[in-house]
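Below is one structure, written out as structure tokens, with a few remarks after it.
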Amino acid sequence: MTGRELLALTAVGKTYGSVRALQDVSLTLREGEISCVLGDNGAGKSTLIKIIAGLHQHDEGSYTIAGEEVRLGSPRQALDRGIATVYQDLAVVPLMPVWRNFFLGSERGRFRLDTAAMRATTREALLRMGIDLHDVDQPIGTLSGGQRQCVAIARAVHFGAKVLILDEPTAALGVKQSGVVLKYVTAARDAGLGVVLITHNPHHAYLVGDHFTLLKRGRMAGSHPRAEIGLEQLTTEMAGGSDLAELSHELARTDPKERPPQ
Amino acid sequence: MSAPAPAPVDVLAAERPPAFRRLLKRPEIGALIAAVAVFLVFSAVADSFLRTSSFGTVLYAASTIGIMAVPVSLLMIAGEFDLSAGVLVTTAALISSMVSYQLTAVTWVGVLVSLLVVLAVSAFNGWMLSRTRLPSFIVTLGTFLMLTGANLGVTKLVTGTVTTKPISDMEGFAACRWLFASEVTVGGLTVKATVWWWLALLLAGSWVLLRTSFGNWIFAVGGDAAAARAVGVPVARTRTVLYLGVGFCAWVLGQHLLFSFDTVQSGEGVGNELIYIVAAVIGGCLITGGYGSVAGSALGALIFGMTSKGIVYAEWNPDWFKFFLGAMLLLAALLNAWVRRRVERGTGR
């Protein structure tokens, strides 16, 4: 890895009341790198993003951005430090026009919006990411799920994000749409951003990832650079590793007995 | 023969639709059609409806609803209600009157104290909403009931009756009356001060919604508060400012009532909050937030004004007014939903 370090989590932990959601998790992200975080439901993925994105604060360990120790109090603080998050289901406001969504929270002209420039900029920024959208006045809800994710990614890139956090960008999408979104993820990487890709799909992760972190019940179950792990091993670890072997053993034993006679 | 290389872009939609289709997409289109229909109906059935003097009467009736429909529609676009808006107008008038009378002060003192108290009530609504995360329906239903009771209770305590004392002989009354309740007659058309206030608030509200960053936040907070927060929009502050807007407009209308009629009935205002909401919904505001317009609320208020006065001019029984208004609300809401569905099917994928 040659890029500068953008952010680093070291032995980070988080407790909600008496529930330990995250424990001893470490992760480093550099420029031009895609770091994938994989885990099943409830593995602590969303807690991890919330800490990075400034929605929650960590209780243990350290969180540094460009070498400086931080404790973020709001998403705004994270944005100001160049960390943009695109959430699976709340990336955009469906009823609002594309250009209003694009500039939401970063409007141009406080008391007198420069609407013509905002529309033109939206069109150009999307075109630069390879999306040709003529009518930026249409409600963004009329676009498909994958296209909405793409607009949200283009927005983060345009507003100078250095780090892009993507929460399950392909979870609700079909095969073709997922491919389109992954293409924009690599476009963001090529633009020099660091990307944290949260997913439970090892195939999508392996298509683009440079580093893989596996979470299991709030703890790190593995951390591998791409050179050290193959897709098959990643899939097995992701699917539960030893747990899966046990399950398959149980199923194999009980299955023939339970099967009703043909 | 080799096929040309595909362009490296995804074309997501066709060109901008033609102007007519864009017009149909506007949220206030249903209200515009309804307003024209109401105008035509009363023009046909009531001869006196088309007189210039009737025009002034209709405008006045519309303005007393329209002044409040501006902030109520902005609040609804942000996804919230204010059920205390109707009685808050009465509260504003009562406080202004009683403070000036009891202190035997210049009427401006009452006017100023009234503004501060009303803004405090609105700030309380906003604060309760963001602090407790209770639905605004419940929070403002609470303040609505409390204000209804306090209006009567405090007035009785202070004056011994349910009406405030006349203050027309007090210093400053004439100037306040000029600001809040004067009228100018131009060629038979009498325009009351509320009409100017309404127009000013309408322009200001429309500008804020469509041409400021705050307006963008209003749409976003109502459309998807969580998504708005994630991109750094101050959601709680946006809501509180909108409640303060309701308070400010309630203060304007309250001062008009006081300086127009000299005394204030403490039981007034109950039920008006629903008429403001009706005007906003007829005007194309989505009751769940995220969509609507301020200009539409003006059309809603105009429909209210034309209907309430038109029924009188047509010499119908005024008892039917509420029935007519309710039918109007349903029709406009259905029309809005139908137009929106048609347009979205047209451009959606």
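Glycine is no exception: its Cβ is also placed from the backbone N, Cα and C atoms.
TrEMBL: automatically predicted annotations, no manual curation.
Annotated transmembrane segment per TrEMBL: B:29-46, B:58-78, B:109-127, B:134-154, B:240-259, B:274-291, B:320-339, in sequence order.
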- Query: Are there 3 or more C-beta pairs under 8 Å linking the transmembrane segment (B:274-291) with the transmembrane segment (B:29-46), counting only pairs at least 6 apart in sequence?
  - Reply: yes
- Item | Contact ranking winner - B:58-78, B:134-154, B:240-259, B:274-291, B:320-339 against the transmembrane segment (B:109-127), Cβ under 8 Å | B:240-259
- Query: Any chance the transmembrane segment (B:274-291) and the transmembrane segment (B:320-339) have 3 or more Cβ pairs under 8 A, given the pairs are 6 or more apart in sequence?
  - Reply: yes
